[in-house]
């Protein structure tokens, strides 16, 4: 080994190189070239890449895209890039799903994008190379976020206000966490990436029968002038709930309000004056850093000590109490201090990982999970807080733009832990620092607890230190 593979400094220890070797043509002829081969300084022999390929351990995984397409050494950047491409699809889906839902309806987009996600996941299993796999991963990401948002909007439009909050924080999120927990359990028994991908893709077939049980959104039908269809759905719902509805459910006045065409708003309206500019910039930065931290910690499972499957399962389990905690905070606590506090605590605990010795690996993993717990709470609160900060006229637009910028953070997240090849604790320092910085920024935002939702731009709360001058273009 010493005469064929050079030693390299890997972080804080020396180990045999996984990417280079001494030139074999020279090594083979040492005895012919030198009379005393043992006296030769082998480190002075030229080096070359591993031209004959690599051998991969199958102790934990039978096959992965890394082992199948040799995404190592000079191509090791391609591994995290696969996830970045997925999040690029999520970004594009975030931009398109709102317009698709408004044009074609929530139900059609929900099931259509679910078919896109499941269908292309199955096709992805037959990818002949890394490039095709990346392209299909983009389409899977597009379908994934689009059906999630469509389901969120459809459910919200069917439920009354108090149930809607529970649905948006605990309902959808807990089931997301349950699916997250099931993933490592399935992966433990199916250790080939193609078989695992195929099995997970089949779960989309479970939702096909729901087409006949989930009704269209009455609000969307009314906005499109399809009054009879909307009334039929509401009459059926009233009958199922044992309620005697009035003969005319949708009176002329309410119909006129819901069908009234409002002015179209653009991203520029989010930054109309200094107050909105300050809120907008802070909101975008917090969304971006929170998303980067959440997905970086979620994707960091292989970097933790211990079994990958168990670590992934624990990472999923901590999300359940996190979502419940976020819901409890939203019931009574200050939005600003709840969000800032969870971000601050989540960032600070990550700094302590650097102080842990190598024999306290379990404690280091526990600190990572606490950081994940706090970041998950912050992410859940952030959705509600953003809704309450902006007025009705630009609320959907503001949430969409914030979500779009959060995808920039998620695109970068796979490469955060890629930096760990240079220094073990660098990813945790970056995540912890950006999260603490976000916690400080949140303190400058106005409080929205027990404050009526603003309906117009003029009704937005003022941020301290912003010289807000209402312009003639402000919308009333």
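Backbone N, Cα and C define each Cβ position, glycine as well.
Curation plays no part in TrEMBL annotations; they are all automatic predictions.
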### Message
For the annotation transmembrane segment in TrEMBL, which listed range does it cover: 108-126, 222-240, 241-259, 450-468?
### Response
108-126
### Query
Would the transmembrane segment (108-126) count as touching the transmembrane segment (195-214), if touching means at least three Cβ pairs under 8 Å and pairs must be 6 or more apart in sequence?
yes
### Summary
Relative to the transmembrane segment (278-297), the stretch among 166-189, 309-330, 337-356, 362-385, 397-419 with the most Cβ pairs under 8 Å is 397-419
### Query
Is the number of Cβ-Cβ pairs under 8 Å between the transmembrane segment (195-214) and the transmembrane segment (309-330) three or more, considering only pairs separated by 6 or more positions?
no
### Query
Hey, which of 81-101, 132-154, 309-330, 337-356 has the most Cβ-Cβ pairs under 8 Å against the transmembrane segment (166-189)?
309-330
